[in-house]
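Database features (TrEMBL):
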type     : residues               : note
REGION   : 42-83                  : region 'Disordered'
COMPBIAS : 68-80                  : compositional bias 'Pro residues'
DOMAIN   : 104-329                : domain 'Peptidase M24'
BINDING  : H169, H267             : substrate binding site
BINDING  : D186, D197, E323       : divalent metal cation 1 binding site
BINDING  : D197, H260, E292, E323 : divalent metal cation 2 binding site
Amino acid sequence: MAIKVPSMELHCPAPLLSGGRGKTCLQKKPFLVQAKRLGGLEKASTRGAQESGQPKKRAPLIRGTVSPPLPVPGNIPRPPYVGTKDVPEIPKEIQMHDKESIVHMKAACELAARVLEYAGTLVKPSVTTDEIDKAVHKMIIDAGAYPSPLGYGGFPKSVCTSVNECMCHGIPDSRELQDGDIINIDVTVYLNGYHGDTSKTFLCGEVDEASKRLVKVTEECLLRGISTCKHGTSFKKIGRRISEHAERHGLGVVECFVGHGVGRVFHSEPIIYHQRNNKPGQMVEGQTFTIEPILSMGSTDCDMWDDGWTAVTTDGSLAAQFEHTILITRTGAEILTKC
């Protein structure tokens, strides 16, 4: 589950959380190498359109009816933010792990990965995102865990389901999935005091080649970002590697939303930028954080629905996202959210 870039950098009306109550994110960041990024995008854009054609036309995403939050048994421990609608502050402390806490992190992340894999099997035309939420909720509580999104800053559901032009944090509702949709499912579980966070974009029915390509390249960007990671590496290398691959395929990297530290706390430092940047900081062995790039076929600007959570592309272009929680080691990075 991504967080929104701090307002002093993005000039967004909402402060930190991607579920913040601002309506629009403006892409004005002095640290970006704009000329290089846009130049590559322009060249790749033409080539990409020639190679894979245009995505089929879809009706704009329309919200359905949101059912009440599902209950969680009283014996399942809750994260500390449950019970308040306030969005938690992002702590500055880096979450570090010893051998014991790594065991707990791996257990939470493995459960999140299994839940996500199961959720993907439910993606079919005529299935509602609310039905996916109910199935995910049951699997999580049956495992003795808490669905981390539920009650986070007032989020009303146990999973995020982001369809087509929704960049992230879509709220499950009564809308039925359509043949040709793409949907990101974002699962986070809280197990034994630790959060495991992961997401994937799935294809629903017969999906056109351009949309398949968006999904494929987005996953490749995630894996390329992870491949740069190890003890002592600069965080900015992640954004550079992701941007290079996205531009090569004529796709834009959404800059409103970032990855984050994760562990005992759902969202913390370090903040992980997915686009080119000059931010300081180096990875340290024992850190855990998410990398979760969002790519768009068109505009990378976002509009927020008045639910305060659903972020959509301003021009209705399709967007896709993939996410893993990783552990930094001396020689590389271990993906914890794998089955």
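Easy rule for this one: first residue shown is 1, then count along the chain.
A Cβ is built for glycine as well, from the same backbone N, Cα and C atoms used for every other residue.
A TrEMBL annotation is a machine prediction, not a hand-curated record.
Computed from a predicted structure; not experimentally measured.
Of D186, D197, H260, E292, E323, all annotated as binding-site residues, the residue with the shortest Cα distance to H169 (substrate binding site) is D186. Note: the divalent metal cation 1 site is recorded as D186, D197, E323; in the same chain, M1, A2, A112, C160, V187, T188, T198, S199, T290, E292, T325, T337 also have Cβ atoms within 8 Å of that site's Cβ centroid. Relative to H260 (divalent metal cation 2 binding site), the binding-site residues with Cα atoms inside 10 Å are H267, the candidates having been D186, H267, E323. Residues M1, A2, D186, T198, S199, G259, V262, F289, T290, I291, H324, T325 surround the recorded divalent metal cation 2 site, their Cβ atoms falling within 8 Å of the Cβ centroid of D197, H260, E292, E323, which are themselves excluded.
Under 8 Å, Cβ to Cβ, and six or more positions away along its own chain, E292 (divalent metal cation 2 binding site) finds A2, S199, L222, F257, G259, I272, H274, Q321, F322, E323, H324. Counting residues of the compositional bias 'Pro residues' (68-80) by DSSP class, helix then strand then coil, yields 0 helix, 0 strand, 13 coil. Cβ neighbour count for H260 (divalent metal cation 2 binding site) (all protein chains, 10 Å cutoff from its Cβ): 25.
Here the CA atom of H267 (substrate binding site) lies 10 Å from the CA atom of D197 (divalent metal cation 1 binding site).
In terms of local Cβ density within 10 Å, D197 ranks first among the binding-site residues D186, D197, E323.
H267 (substrate binding site) is 14 Å away from D186 (divalent metal cation 1 binding site) when you measure Cα to Cα. For the domain 'Peptidase M24' (104-329), the mean pLDDT of the prediction comes to 97. Other Cβ atoms within 10 Å of the Cβ of H267 (substrate binding site), summed over all protein chains shown, number 29.
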